[in-house]
Amino acid sequence: MSSSQFKQLEKLGNGTYATVYKGLNKSTGVYVALKEVKLDSEEGTPSTAIREISLMKELKHDNIVRLYDVIHTENKLTLVFEYMDNDLKKYMDSRTVGNAPRGLEMNLVKYFQWQLLEGLAFCHENKILHRDLKPQNLLITKRGQLKLGDFGLARAFGIPVNTFSSEVVTLWYRAPDVLMGSRTYSTSIDIWSCGCILAEMITGKPLFPGTNDEEQLKLIFDKMGTPNETTWPGVTSLPKYNPNFQQRLPKDLKAELQPYVKEPLDDNVIDLLHGLLQLNPDMRLSAKQALLHPWFSEYYES
């Protein structure tokens, strides 16, 4: 495939790594999203990026945005993705009344969360972490199908600390083990993000809206309790563990979330949230385990 096959239409935005355009495949008439990654002229394309991206082309699943092709020219890399017209952040923002956040109806929350976990379970089975899950990366079709976008890009290009784009690197969905400098993270970092996203779909507002690493941890410990060697063996040896963290007890999640929700919250969804938001990464559910949670029984029993 060459870039001449595509007609570049309007710019959709600047991401962390790339400028994104809507494009048209001239031969098929199908819309695509073109992500253009500028390459450093001296360094050329990092071979790891090419490797990671070719892995992504193999990820074919209903809940993962398809990467159709990669066009490699001298000074840029163009990733050709399927075009999606909405994302979870925009979708939730469009429902805000005045300035008041509004969560989604619980049956929709469940349907979106199920699809998020389905896509994630598939990636994790293929040994690929997302590393940067957030509502902006969850794309939605008009029929309510949810797909994970930007898969593997964090690994291919590194998560920049200061981005040149309008998109702040968001800490809100980042796991406490990563915030404390753990280098041995695994699929459990994505599970933490899933928990944050689930709570946000329920209430319409981010669960832990921190502005820096320190505040982010404080917000997490305020709600989930402060970890110690009993609840999380090894936590005190993490590089950014601070022995002066204020000791907090876990709050009642149901009581915290219920005021934002019209319908009474099901104990099952609170139980699932606890399973996703375990401070100790070894205690978090896997995506596969989460899909078998009783809250989803209507999906797997039918």
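For all residues, glycine too, the Cβ spot is worked out from N, Cα and C.
Features of the protein shown, as given by Swiss-Prot:
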- 6-296: domain 'Protein kinase' (DOMAIN)
- LEU12, GLY13, ASN14, GLY15, THR16, TYR17, ALA18, THR19, VAL20, LYS35: ATP binding site (BINDING)
- ASP132: active site, proton acceptor (ACT_SITE)
**Message:** Suppose you look only at the domain 'Protein kinase' (6-296); what would the mean pLDDT be?
**Reply:** 88
**Request:** Determine, to the nearest whole angstrom, how far the Cα atom of VAL20 (ATP binding site) is from the Cα atom of the residue listed as 'active site, proton acceptor'.
**Result:** 17
**Complete:** ASP132 (active site, proton acceptor) sits from LEU12 (ATP binding site) (Cα to Cα, rounded, in Å) at a distance of 19
**Request:** Measure from the CA atom of the residue listed as 'active site, proton acceptor' to the CA atom of ASN14 (ATP binding site) and give the result in Å, rounded to a whole number.
**Result:** 16
**Request:** State the Cα to Cα distance, in Å, between ASP132 (active site, proton acceptor) and ALA18 (ATP binding site), rounded to an integer.
**Result:** 15
**ASP132 (active site, proton acceptor) CB neighbourhood, other CB atoms within 10 A** = 22
